[in-house]
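*Asks:* The structure's right below; bear with me while I get my questions together.
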Amino acid sequence: MSKTGLLSLIWDGENLEMLDQRLLPSEIKYSKKTTVQEIWESIRSLEVRGAPAIGIAAAYGFYFAAREAPDTDFESFWKYLKEKSDYLASSRPTAVNLFWALERMEKKVLESKHLPISEIKRLVKEEAEAIHREDEEICRKIGEYGLTLLRDGVGILTHCNAGQLATARYGTATAPIYLAHEKGWKVRVFADETRPVNQGSRLTALELMQAGIDVTLICDNMAAMVMSKGWVDAVIVGCDRVAANGDTANKIGTLGLSILAKYYGIPFYVAAPTPTIDLGTKTGKDIPIEERNPNEVTCSFGRKTAPEGVKVYNPAFDVTPAENITAFITEKGIIYPPFEENIRDVINC
Ligand code: MRU
């Protein structure tokens, strides 16, 4: 699988170089993050976005907190860290990778409490690095499993950006596409623009083009037309949180696509790293859905595109019911229905 392309996060051993995804595709700008506050703001503002990348950034944010925490005694150290961890957790509500990463970091600290604080700080850094490294491995395996569902000449529709930019490398929904391309297969990708923030046009179209993959950009309301023409053999999307029963939160618009795919008899796959599967969330109804600033809807093309004062509803995610999902592509294999028990088996194995 290709090792090239833009990376959203680059760790230099002590600080995090972060690509400002808000500026893409016009400008490629990295900036150094060294504090918890900077990480919180970057997650909140979508400078870094995509469930796995948010989790990785938060893990490094936790390390920044540990680095500056008082080291007089464990109680003061832990109190400071827990406060910062809770603060990082307040940056966005839907992608469970944020909470998963912070919980994993907290667990590392608590199980090392008998060690000198300087040693705990070292372990915290290693844990953040492990989360970063493991995400790359997870994505590569999702690519390998996902490839078994594709064939030469396949047409794929994807939504939002579940690509390299949203992860450590390779992406989730894009990983099988990169692998198929590398094999020399012809793959035709339709990328939904993904209003209101346009992750599809700004990010997915960019990274697939940079990789030399045949990508066609469509507005979200063109997906039905493209499917009706028989150009889509599979829909592959990413996810922000998969509930225990398989209901899945992903970028707003995913639910509509799943309904269309069902109507047209097109397989609907969710590329799901296991850290995005949350057995603690029973069903889609229990997934908190982020609502974002109305400006995202009323301002496009750098100017106002709606009348001043208009009422706006701007949920950033929707929930696709499990019954609309053909299968989950995870790093541990492909999960088919019945989801409730098969997801549990895969997570617990
Ligand atoms: O609001 P965003 O850009 O963070 O939303 C991202 C998505 O919905 C992605 O599809 C999801 O996080 C999966 S990324 C591998």
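Including glycine, each Cβ sits where the backbone N, Cα and C put it.
Since this is a predicted model, take the numbers as computed values, not measurements.
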*Asks:* Given that TrEMBL assigns R49, G50, A51, R92, N250, K251 to the substrate site, pick the one from Q199, Q210 that the record assigns to that site as well.
*Replies:* Q199
*Asks:* Calculate the distance in Å between the alpha carbons (Cα) of R92 (substrate binding site) and C160 (site 'Transition state stabilizer'), and round it to a whole number.
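*Replies:* Between the alpha carbons of R92 (substrate binding site) and C160 (site 'Transition state stabilizer') there are 17 Å.
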*Asks:* Roughly how many Å separate the Cα of Q199 (substrate binding site) from that of D240 (active site, proton donor), to the nearest whole number?
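*Replies:* Computed Cα spacing between Q199 (substrate binding site) and D240 (active site, proton donor) is 14 Å.
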*Asks:* With Cβ-Cβ distance below 8 Å and at least 6 positions apart along the chain, what are the contacts of D240 (active site, proton donor)? List them in sequence order.
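*Replies:* The list for D240 (active site, proton donor) reads A51, T94, A95, V96, N97, A249, N250, K251, T276, F317, given in order along the sequence.
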*Asks:* Please find, for R49, G50, A51, R92, Q199, N250, K251 as listed binding substrate, the greatest distance between any two Cα atoms, in Å.
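*Replies:* Maximum Cα-Cα distance: 17 Å.
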*Asks:* Counting only residues 6+ apart in the same chain, whose Cβ is under 8 Å from the Cβ of R49 (substrate binding site)?
*Replies:* Q21, I43, N161, A166, Q199
